[in-house]
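A.B. asks: Following this message is one structure expressed as structure tokens.
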Ligand code: C2E
Ligand code: CA
Ligand code: CA
């Protein structure tokens, strides 16, 4: 190895350090720009690393250069400058480490790590300055600053590069960068071993050569970072495209496919079924009264319920060909193995069972019921939209009844469905335009032989079809989910009538209002009733709420506490159509109501059916025993009236006494009562202990 003279060696060093300094400062500016533009934290740290490295290299270039001009003066101030250069270098290593951890773990290191890194760098610099000989020569004998520089940077960079290699993905960019760090670190360790083992001449060569090598490696790292950025930008774009594609075909909330995806898949299923002689069954599963679920537990809770339903459908025992959410609360399943109608119905019933298991949402437990509508290929059509439409029609039918059922599409259902679709805007308009009116049917008290109240019964004054009875429009109101709106309207109107009576007569005869199931189950019913009392300044005992037995029983626990609250507020509660449900007598004891209303069917059968007389007698006796009053409805003849009175019935309502009538006639009725010196019966007479 030729002897490297001092001047050449210093010239190479000056050149290499100057180039590195320019490189590093330029690189720092570039990284800072990338950091601002791409918002990657690790770029920020590495920009600082370059800013820190730069001055260190300037100092080294300056020291080497000045040693060429005035060799003897160099040592007098070099140790101070070397100390600063080393501090800068340790700081740079700290920044590289912080940036690497940021990139590897994809999050900014905690603040205390940053402080530790800065502290260690500073302490390293101070130690180098005070205790270590700044020269490198004769390094084998005493540890000096140069020795420490190569050792610390070598070990740190190798460790950092190994961490990055392991943690960062397979891209070329990260590999090039970690490879670059590794090369510098490894090179520093080699230089260290050269310092230890080879003669001074070789050390001079190694030191000069390594400085030049640094430039090449730093250039490689710059290229690596640029490739890395481009790669990660591309990955982000690819991920965004994939996400968009996913959302295009999937439901973002539940992860199952969406309607579009199902529509495009059905033709493939049909093709498969056609060539394998199979039948395709499309089942639409609709959650019953999902609006009420949402109102009760909030939209987020509702989302949880939908997710759980999707999960149960996906894990269903008979793996469907597809599970899809086609609208808010409707899921679709496709099966290809169901041959007979009975198999289909069994499977649908099993599905209903699966969904009826309680769902936990937060601290609440929910029981949902689902209706199922079914359409099949080839029987009902061979196009996606046709099959889905027919299944939707069947589902509408399935959800009609209080207890949702399983319905297979049949001819003729279409007309009913399109009628329903046409009805919606008409009904909404009727509500807005106040086309509904309340008729009042008087009720008669046997003991006091006088009027004891009214039942409010709704009528629709249709602009073309004249006066319509509830049977002609209530089913549509129910199916369209407008029951609570209609009931609110009735409650407000009944309250307004009571308020006007208070003004007009100074007295009020109670009015009974029918509550639909959704209204009774509405989570804000209590608040609504409270508001009603305040808005119209009426007394709660003037309003009686009629709920049917099945509605009161359907959710016994909640139902019971709602009734209890309403009773505590002072409202009268009566069980309508009593005797037609399943559980009447058994549960009568536990319901905190104050009145039962014996169904019309018992009354009309009275004369023919002795059995009914016995049952009626038992009902009335039991009710009285429990402190509840009994009213019979639908009394049309003198005989019926006499018989019921004999059986101990307290009140009656029916055409025999009076049909439902317009408000003005009801008021005339009241006026006659007042003229006959009859007053409303005191509430105590109604609200017997419960
Ligand atoms: P409901 O609660 O059982 O009401 C009694 C029904 O029997 C009324 O029919 C009434 O007009 C009728 N009625 C009264 N006396 C006699 C009688 O002596 N003989 C016969 N055959 N019928 C009699 P309407 O008004 O057609 O109401 C039918 C059903 O519609 C009601 O049955 C109730 O379930 C529902 N409904 C009526 N108005 C409302 C309302 O404002 N809100 C709600 N949610 N439902 C209502
Ligand atoms: Ca009623
Ligand atoms: Ca009734």
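Cβ atoms here come from the backbone N, Cα and C positions, even for glycine.
TrEMBL lists these features:
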- 278-411: domain 'GGDEF' (DOMAIN)
- 420-674: domain 'EAL' (DOMAIN)
- 15-35: transmembrane segment (TRANSMEM)
- 42-63: transmembrane segment (TRANSMEM)
- 83-105: transmembrane segment (TRANSMEM)
- 112-132: transmembrane segment (TRANSMEM)
- 147-165: transmembrane segment (TRANSMEM)
- 177-199: transmembrane segment (TRANSMEM)
- 211-230: transmembrane segment (TRANSMEM)
A.B. asks: In terms of Cβ proximity under 8 Å, which residues at least six beyond the ends of the transmembrane segment (112-132) contact it?
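C.D. replies: Residues packing against the transmembrane segment (112-132) from afar: 79-80, 82-84, 86-88, 90-91, 93-95, 97-98, 101, 143-145, 147-149, 152.
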A.B. asks: Using DSSP, tally how many residues of the domain 'GGDEF' (278-411) sit in helix, strand and coil.
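C.D. replies: Per DSSP, the residues of the domain 'GGDEF' (278-411) fall into 56 helix, 37 strand, 41 coil.
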A.B. asks: Is the transmembrane segment (147-165) packed against any residues at least 6 beyond its ends, judged by a Cβ distance under 8 Å, and which are they?
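C.D. replies: Same-chain residues near the transmembrane segment (147-165) but 6 or more away: 86, 89-90, 93, 96-97, 100-101, 103-104, 124, 127-128, 132, 136, 139, 174-175, 177-182, 184-189, 191-192, 195.
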A.B. asks: Using a Cβ-Cβ cut-off of under 8 Å, list the residues of the same chain that are 6+ residues beyond the ends of the transmembrane segment (15-35) and lie near it.
C.D. replies: 41, 43-44, 46-51, 53-55, 57-58, 60-61, 64, 208, 211-212, 214-215, 218-219, 222, 225, 229
A.B. asks: Are there residues at least six beyond either end of the transmembrane segment (83-105) with Cβ under 8 Å to its Cβ atoms? List them, or say none.
C.D. replies: 40-46, 48-50, 52-53, 55-57, 59-60, 63, 113-114, 117-118, 120-122, 124-126, 128-129, 134, 145, 148-149, 152-153, 156-157, 160, 163-164, 166-168, 174, 181
A.B. asks: Give me the mean pLDDT over the domain 'EAL' (420-674), rounded to a whole number.
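C.D. replies: Value for the domain 'EAL' (420-674), mean pLDDT as a whole number: 90.
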